[in-house]
Amino acid sequence: MDGLLFPASSGLEGDPDLQFLLKGGDLLKVLSPSWKKTRYFRLQEDCKTMWRESKKTFKKNDTCEDSDLFYISLDDISAVQMGRQSEGLKKNTEEQVEDRCFSIIFKSRRKNLDLVSSSEEEGKQWVKSLQKVVSNLNNLSRKQKTEHWIFSCLRKADKNKDDNLSPSEVKSFMHLINIEVDDEYVEMLFKKCDRSKSGTLAGEEIKHFYDLLTQRDEIDVIYGEYAKTTGFMSAQNLVDFLLKEQREKATLADAHRIIETYEPDENAKEKKLLSKDGFLMYLNHPDAMILNPDHKDVYQDMSQPLNHYFISSSHNTYLMEDQLKGPSSTEAYIRALQKGCRCVELDCWDGSDNEPVIYHGYTLTSKILFKDVIKAISEHAFKTSQYPVILSLENHCSVEQQEVMARHMSSILGSALITSPLGDGMPTNFPSPEELKGKFLIKGKRLNKLEDTFAEAAADDNDVTEEEESNDEDAQKEKNTKLKLAKELSDMVIYFKSVHFHGFEDAQKNLSFYEMASFKEGKAMKLAEESANAYVRHNVEKFSRIYPAGSRTDSSNYNPLPLWNAGCQIVALNFQTPCTDMDMNQGRFLVNGKSGYILKPAFMRDVATEFDPITLTRGDWLTHKTLHVMVISAQQLPKVNQKKSSIVDPLVKVEIYGVPADVAEKETKPFDNNGFNPSWNENFQFDVYVPELALVRFSIEDYDSSSDNDFVGQYTLPFNSLKMGYRHVPLFNKNGDLLPSAGLFVHIMVLDAE
């Protein structure tokens, strides 16, 4: 089983960087200024897991803060950074070790792993090697990931490391890959593969065992329907499949390109034929999955005014956990920005040494420096998306420290900070995301109206008398005292001036386009329910920001759908909390290049719109569709409970989210004791009346008859981004990160309803 150490498909056999990691070495792990301990790190033979061992045996009462890091899955690593870049290393190490420091950043809520090597050269070697292996893992095809995972399970099952599998090791392997099987089935499989009659499986016998396990009967049936050329699919057969089943416009040239790209057998490729393996490789490619590949990049019109978009927005972005005592961290901003968030919140308070801090006021949440947050935002704002970032300031600082805030933003963000309107003269509308690429906008309080600055400029040109100036200054001073707002900070608020909401009529009559209100979720939900059309019209011209109720001290979230249905652009959620509401947010912003901006439908951009999501009066928004979903099978679902004996009983839920008339949910029966290749073949039908606002969510749960089902994985996408036909559905874990080998297989059909 030597070939199972690292599958040949990975292309890293014998690589010196891989060998370096397999050998491993000592690193200093840093948790605090006083907690710095040497740990031995090395890559396991599965080449997917890092092992960390302590230099001492932990006693029972040890407060081992790092006990959760005995194993690190490379799939969980988001990035490896050289130097003292992380908050922890900046705080807990001295500048002289800068060149020896590096951090492992995780995808989930797990804290960064901060490490110091014994030399600069060794540190660079660790970073280079880890980056290479992680990048290689991420770039494996779905088939390669499956092989990689299965081979690593085979190696784990081979207890005595003799490169053979005994019947008991085969059963252990089945448990590892999430299948509960009885002894008779294991015996039958074993006899089928044990051609040498040796009582163990080795070499080609293990390969035969693998082939039997990964056999996809449903793919055989589909392939058999179209493979009319001596057991292979010809280019024309493939065109027929694409036209009839996948509802794609396809030509022979398209078929030839697919064969050239995906067919692994050179002889078949030469004859322009597609084998079953090639067909499955094509169906597993991201561009052939359920999400329309044309919607992956920016495909919407980005030249509309800013308020015509839904904007991915975070509430109390600095918090890693709950709202009362959890840690605040610059890492929380980095994670939100990496997920495509375009509106982040900063709760600013007076700090010591005249340095403003960010934390949740009057609570035990930890404090971080305002300037460190601005630096982190500046460095990471435009890595996922080039479109503008809104800094929503919750300002509790004294005038003196507000001046410090203004100086920090000015010096750190520089010319990327918008400090005056685009173009000449007083604007009458918002600029577009396209015009604001790479820019920062401040949302906060302002001493005066934006119009006043232009009036003042005009007055200066007209030689205002000293008396008039004096009166103006007195009035301004009076206003300053009342608002306690630093002019330097006030002047940075251009397009997002925070004001109170006194009703839709008052807003239309008295508020300028850039004056916006923030609504607590309860108030917003009430308006969205009782005055939906008025709210939609308000949001055609103005901005609305929604935030969670103060009672959500556990950082739970609210349903964003009713607010999006009312046209609210900034629906701020607690990004740190995994939940269905965050799944919906991820699904809403999955498309359009993950830019964090989604263009609202045309009927939500018209000041005279009659659209009402509650009553659904007749209009352009009503385009009744029927969605047919056949849930066929799933592959390589992860274990929910890591106990060896625990096997999932998966069921699939298909949910529609959108206007109230479209909200629906249907589920399959549970499939007992099989998370490796369960099958259902169940059909569902849904009516969708406003497809432009609808989301489709596929979720898999582990059925439990005596308690709540456990979450296994999910995938949410816009209804209008669905591809028809036989499609694989990737799955995300509860944190919104991709499960490497897992997937769902479905058939989709969308028809115009009569």
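Yeah, the Cβs are placed from backbone N, Cα and C, and that goes for glycine too.
Marked as substrate binding site by TrEMBL: 29-56, LYS443, LYS445, SER518, ARG545. Look at TrEMBL and you will find ILE647, ASP649, ASN673 tagged as Ca(2+) 4 binding site. The domain 'EF-hand' annotation in TrEMBL covers 145-180. Residues annotated as domain 'PI-PLC Y-box' in TrEMBL: 489-605. Among the features that TrEMBL reports, region 'Disordered' is placed at 457-480.
Positions of the features from TrEMBL, shown on the structure.
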residue : record                 : Cβ neighbours (10 Å)
LYS29   : substrate binding site : 19
LYS37   : substrate binding site : 13
PHE41   : substrate binding site : 21
GLU45   : substrate binding site : 16
THR49   : substrate binding site : 18
GLU53   : substrate binding site : 11
LYS443  : substrate binding site : 24
ILE647  : Ca(2+) 4 binding site  : 24
ASP649  : Ca(2+) 4 binding site  : 21
ASN673  : Ca(2+) 4 binding site  : 16
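Taking a C-beta cut-off of under 8 Å and a sequence gap of six or more, PRO33 (substrate binding site) has these contacts in its own chain: LYS91, ASN92.
In sequence order, ASN178, ILE179, GLU180, VAL648, PRO650, PHE671, ASP672, ASN674, GLY675 are the same-chain residues whose CB sits within 8 A of the CB centroid of ILE647, ASP649, ASN673, the residues recorded for Ca(2+) 4 being left out.
The two recorded residues, LYS443 (substrate binding site) and ASP649 (Ca(2+) 4 binding site), have Cα atoms 48 Å apart. Among the binding-site residues ILE647, ASP649, ASN673, the residue whose Cα lies closest in space to that of LYS37 (substrate binding site) is ILE647. Closest to ASP649 (Ca(2+) 4 binding site) in space, going by CA atoms and restricting to the binding-site residues LYS29, GLU45, THR49, GLU53, is THR49. For the domain 'PI-PLC Y-box' (489-605), DSSP puts the residue distribution at 49 helix, 20 strand, 48 coil. Helix, strand and coil content of the domain 'EF-hand' (145-180), in residues and according to DSSP, is 23 helix, 2 strand, 11 coil. Between the C-alpha atoms of ASN673 (Ca(2+) 4 binding site) and THR49 (substrate binding site), the distance comes to 26 Å.
If you compare Cα positions, ILE647 (Ca(2+) 4 binding site) sits closest to THR49 out of the binding-site residues LYS29, PHE41, GLU45, THR49, GLU53.
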